[in-house]
Amino acid sequence: MYEAQYLWLFGLVLISGSVTERTTPKINFTTVVGLKTTPAMRSSSASSLGGSLPMVINTWNFTDANFLAWRILNVTQGGLRQTRNAVVEGCTRCEQQQCDRTVGYGGSPDELGETTLDAMIMDGSSMDVGAVAGLRGIKDAIRVARHVLEHTKHSMLVGDLASQFAQAMGFRSESLATPESKAMWMEWTAANCQPNFWRNVHPDPSISCGPYKPKATPLTRWKEDRARTEYSIGHLNHDTIGMIAIDAENNIHAGTSSNGARHKIPGRVGDSPIPGAGAYADNEVGAAVATGDGDIMMRFLPTLLAVEAMRAGKKPAEAAEVGIRRISKHYKDFSGAVIAVDRLGQYGAACYGMTEFPFVVSNPSKTDIPSRQESVKCITGKEAVNVV
């Protein structure tokens, strides 16, 4: 009798569609659909058709960082509670390897020849953030950001005082300069400091070094040159590793690390350590990371836009396009990319100002190919007219 009642009740649950996510078998399958395999898909984005957890995904072709994060994520069965370790140590690997000289020490010297670091880690369960910006003399930027998250009630520390905090937490102070970064700076100064980030100053920043002073022209008569083609973003000039890790229980962390824009004005901070700009995570929805022209991208909070677009029902690939299209409406010459992932492990990417954008993914769908490289072709100027 009781057995018949249980069978009847189970059948009713199935018919009503109220079976919980935990009782639904997970589909171990992820295909980044290339632009050539699905005609209906725009050439601006790529997306998985099914979720697959746990997973790690990061910007650019930084496979070693992804592989380490993937190993850490699977230290315990299902990667449970390992997402923070995975993201922090994955990005740390890139800092140590000086990935393309755009992450970590010894790259992207500012106008004075100094390398400074920006990094962030965000917890999608608590919405807590730890970040550092303009970090001087400390190599472990994202580990310091983790200490901000775990040992303070703040969200961000900056500059020399961030470095003092790091030393108090046990981090070693050392020079971030290398022979390569010094040579990079010397070549730049020998070329009359070209290109640079100055405008509306004298002497003319397009042909000479500073020091500069503001023009006396009234503000209403200033002509702003918004073109940034001198700083086209791509291989060897893309600034940031952004990484997302999700475990089998849908716990999410997202993080970034960068040494910023090459030859930046000292004191400049880009999008990488800014929540909603460089990265954003919310366990209820998913996460997103961004890379590219940070000075422009941070004005639009593209990773927050992507997560909120997924909350509103858009698929990850569509959500990644939201911020990209919003930015390209105002800045035709910007270059950048966004990766979006929902809480089930479905992912997508969109980019602009480049031919294509590579990224790296690890998940259970292809255990024989961990840290596999995938790419997406970018939105063109004509496609970007259709702003979301």
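Cβ atoms here come from the backbone N, Cα and C positions, even for glycine.
Taken from Swiss-Prot as is:
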type: SIGNAL; residues: 1-20; note: signal peptide
type: DISULFID; residues: CYS94-CYS99; note: disulfide bond
type: DISULFID; residues: CYS193-CYS209; note: disulfide bond
type: ACT_SITE; residues: THR240; note: active site, nucleophile
type: BINDING; residues: ARG268, VAL269, GLY270, ASP271, THR291, GLY292, ASP293, GLY294; note: substrate binding site
type: DISULFID; residues: CYS351-CYS378; note: disulfide bond
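Positions of the features from Swiss-Prot, shown on the structure.
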residue	record	DSSP class
CYS99	disulfide bond	helix
CYS193	disulfide bond	coil
CYS209	disulfide bond	coil
ARG268	substrate binding site	coil
THR291	substrate binding site	strand
CYS351	disulfide bond	strand
CYS378	disulfide bond	coil
Site with most surrounding Cβ atoms, counting all protein chains shown within 10 Å, from the recorded positions THR240, THR291: THR240
CYS99 (disulfide bond) and GLY292 (substrate binding site), Cα-Cα, nearest whole angstrom: 15
Distance [Cα-Cα, Å, rounded] between CYS351 (disulfide bond) and the residue listed as 'active site, nucleophile': 14
Integer Cα-Cα distance in angstrom, CYS94 (disulfide bond) to THR240 (active site, nucleophile): 10
For ASP271 (substrate binding site), the number of other Cβ atoms found within 10 Å of its own Cβ: 32
From CYS99, CYS193, CYS209: disulfide-bonded residues whose CA lies within 10 A of THR291 (substrate binding site): none
Entry from the binding-site residues list GLY270, GLY294 having the most other CB atoms no farther than 10 A: GLY294
Entries of CYS193, THR240, CYS378 which, being recorded positions, have CA atoms within 10 angstroms of CYS99 (disulfide bond): THR240
Packing count at ASP293 (substrate binding site) (other Cβ atoms within 10 Å of its Cβ): 25
Taking residues ARG268, VAL269, GLY270, ASP271, THR291, GLY292, ASP293, GLY294, which bind substrate in the record, the widest Cα spacing (Å, whole number): 16
Coarse DSSP state, helix versus strand versus coil, of CYS94 (disulfide bond): helix
Pairwise CA distance, CYS209 (disulfide bond) versus ARG268 (substrate binding site), rounded so that it is a whole Å: 18
From CYS193, ARG268, VAL269, the recorded positions whose CA lies within 10 Å of that of THR240 (active site, nucleophile): none
